[in-house]
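Visitor: Below is the structure I would like to discuss, written out as structure tokens.
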Number of protein chains: 2
Amino acid sequence: MSPENPFLNHEKKEQERQAKRDAVLLAAVKIFNEQGFHSTSLDDVAKSLGISKPTIYHYLGNKEQVLLTCVEIGLQQLIEAAKDVEKQSISGFEKLRRFLFLYGCRNLDDFGRCVILTHDDALSKEGLVKFKALKRVVHEALLNIIRDAQLDQSINAEHDPKILAATLTGAINWSAKWYNPNGVLSKEETIQKMVDILTYGFEKK
Amino acid sequence: MSPENPFLNHEKKEQERQAKRDAVLLAAVKIFNEQGFHSTSLDDVAKSLGISKPTIYHYLGNKEQVLLTCVEIGLQQLIEAAKDVEKQSISGFEKLRRFLFLYGCRNLDDFGRCVILTHDDALSKEGLVKFKALKRVVHEALLNIIRDAQLDQSINAEHDPKILAATLTGAINWSAKWYNPNGVLSKEETIQKMVDILTYGFEKK
């Protein structure tokens with residue numbers, strides 16, 4: 001038998017730690033989304049995993065820190081989506097459509113929904129600063145995509161970028177409140193239909 | 001001097017009672033919108049008017065009843081807007097645009113914002129039933145406007161009416177969260193720009 005490699009061992013332990021942390025986050029985000037942050041206690045989360053509350057503290061911290069990690073994951077997904085889209089060699093119009101599609105799909109994931117369903121009053125002052133800073137990164141990325149699309153003249157240049165951004169994201173954000181995962185349409189089908197409406201409007205051509 | 005007319009007197013008293021009730025509702029809705037329902041006590045509302053809490057109970061009932069009356073006013077405004085629009089002799093497309101404009105403007109009023117900012121967990125089971133029933137009336141009115149506009153072929157018939165309705169109202173609802181009354185654009189200007197985006201899309205034509 002070969003001697004145990006201490007480096008591999010360390011890596012394995014780190015993977016295990018990460019897997020446990022991820023499991024706590026996934027359990028927490030589902031319960032936050034279902035019951036609301038105020039009505040959820042870390043005991044509920046611990047119980048759902050058959051672990052103790054101190055185990056959660058060990059991996060993630062207190063309830064607000066768990067929530068903050070969840071919304072950070074949700075917002076980081078949107079930041080990644082913007083980066084992916086910006087790299088593509090397509091028109092500004094197509095970039096905007098693709099970003100909205102990805103934004104909408106992430107938005108209906110557990111962590112994305114948590115971002116939408118988290119109200120400012122769930123967070124402490126410091127937590128709110130972090131939450132808003134990340135949201136601002138997403139907002140700025142969207143504004144850049146819109147401005148580029150206006151510059152390459154692939155979208156209508158007369159719209160105020162800020163109002164356009166707020167209209168588009170508002171429509172999609174709200175879907176985290178009404179989308180029914182047990183309905184006929186998949187998340188992707190639903191978001192695609194919304195993006196088509198937002199892109200072309202409802203005017204008859 | 002003519003003898004006092006007891007009927008006029010009764011009417012005057014009723015007007016006074018109504019004015020007091022309205023003042024309590026307006027004070028309450030502003031504080032709910034600013035602080036959130038959970039963080040507001042009827043003491044805050046009473047204090048802002050220089051009255052006692054039992055006076056509020058007398059006119060409106062407990063905190064949930066006050067909130068319910070506020071959201072009922074907000075939703076009733078939307079139901080009236082739909083009725084007004086339905087009476088007009090214009091195309092279905094124009095009806096939909098006008099309804100969205102009115103919906104958006106009401107939505108940025110004190111009572112309209114309260115509807116958007118009220119989360120289901122603020123209400124008791126019975127309260128939630130009332131709240132949802134009124135929202136359904138608005139939703140059905142919008143669906144009727146959309147279906148009529150598809151029937152008279154003034155809007156694109158390929159959109160699923162439910163997804164179209166959810167996309168349009170979602171975009172507008174969200175504005176109750178981001179609209180800044182101290183900004184450059186008035187409520188009406190902001191909503192008009194949003195309705196134009198929603199109507200025509202952002203595609204370059």
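Note that Cβ sites are derived from N, Cα and C of the backbone, with glycine treated the same way.
Take a look at what TrEMBL says about it:
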DOMAIN    A:18-78  domain 'HTH tetR-type'
DNA_BIND  A:41-60  DNA-binding region
Visitor: Would you mind giving the whole-number mean pLDDT across the DNA-binding region (A:41-60)?
Guide: 94
Visitor: Please report, as numbers and ranges, the same-chain residues at least 6 past the borders of the DNA-binding region (A:41-60) whose CB is under 8 Å from any CB of it.
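Guide: Answer is 17, 20-21, 23-25, 27-28, 31, 35, 66, 69.
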Visitor: Per DSSP, how many helix, strand and coil residues does the DNA-binding region (A:41-60) have?
Guide: 15 helix, 0 strand, 5 coil
